[in-house]
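Enquirer: Okay, handing you the structure first.
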Amino acid sequence: MFSKTLVVLAAVAAVTVNGLTKEECDAAFTGEVGKLTKDALPLVQPCSSDSGFSMVPPKGLPTDDQYVKMCASKNCRDLLDVIKKAGLKDCELNFGSVFPGSVPLNVYQLGQGFDAKCASIGGGSTPTTAPPTSTTPTTAPPTGTTPTTAPPAGTTPGVTPSPTTPKPAC
């Protein structure tokens with residue numbers, strides 16, 4: 001009896017993704033892809049070129065090397081932002097009917113997990129800018145000496161002589 005219960009639970013788990021059955025996910029395929037067509041489709045090819053990851057047709061999840069490139073790519077970051085905001089269902093979308101040989105891909109999880117994956121592999125999902133550099137170098141005076149201050153540019157230290165007038169020739 002216990003083993004039959006386990007088999008039934010395994011079967012239910014195999015066809016359910018976060019409360020949705022495989023049939024519900026398959027039925028939602030066209031609508032889910034439709035949510036991405038307008039804004040995401042123009043970014044797919046540039047992201048693929050930047051990263052080497054094939055989202056259309058999907059061959060699986062990106063490798064760590066592809067993730068590093070995706071995290072560094074503005075095209076990929078923009079694409080994943082569109083995916084995150086699309087309101088997709090948490091389903092594996094089976095592209096096999098459209099692209100034979102492709103594998104199911106959970107585009108929702110790819111989008112939602114992108115920032116965390118970038119952080120975990122050190123790719124960061126947002127570009128960082130270097131802090132502004134100072135135009136005036138600062139150095140500490142050597143130990144045991146009294147620091148001196150240079151005069152402002154264009155001035156001379158000490159007493160400034162008064163202007164002289166030329167003396168007449170003899």
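The backbone N, Cα and C atoms fix where each Cβ goes, glycine too.
Positions annotated as compositional bias 'Low complexity' by Swiss-Prot: 126-162. Here Swiss-Prot flags C25-C91, C47-C76, C71-C118 as disulfide bond. What Swiss-Prot records for 122-170 is region 'Disordered'. Taken from Swiss-Prot, the feature signal peptide applies to 1-19.
Locate each feature and note its surroundings.
Expert: All protein chains shown were included, and the count of other CB atoms within 10 Å of the CB of C91 (disulfide bond) stands at 24. Classification of C91 (disulfide bond) by DSSP places it in coil, neither helical nor stranded.
Using a 10 Å Cβ-Cβ cutoff, C47 (disulfide bond) registers 22 neighbours.
When secondary structure is read from DSSP and collapsed to three states, C71 (disulfide bond) falls in the helix class.
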Enquirer: Write down the Cα-Cα distance for C76 (disulfide bond) and C118 (disulfide bond), rounded and given in Å.
Expert: 12
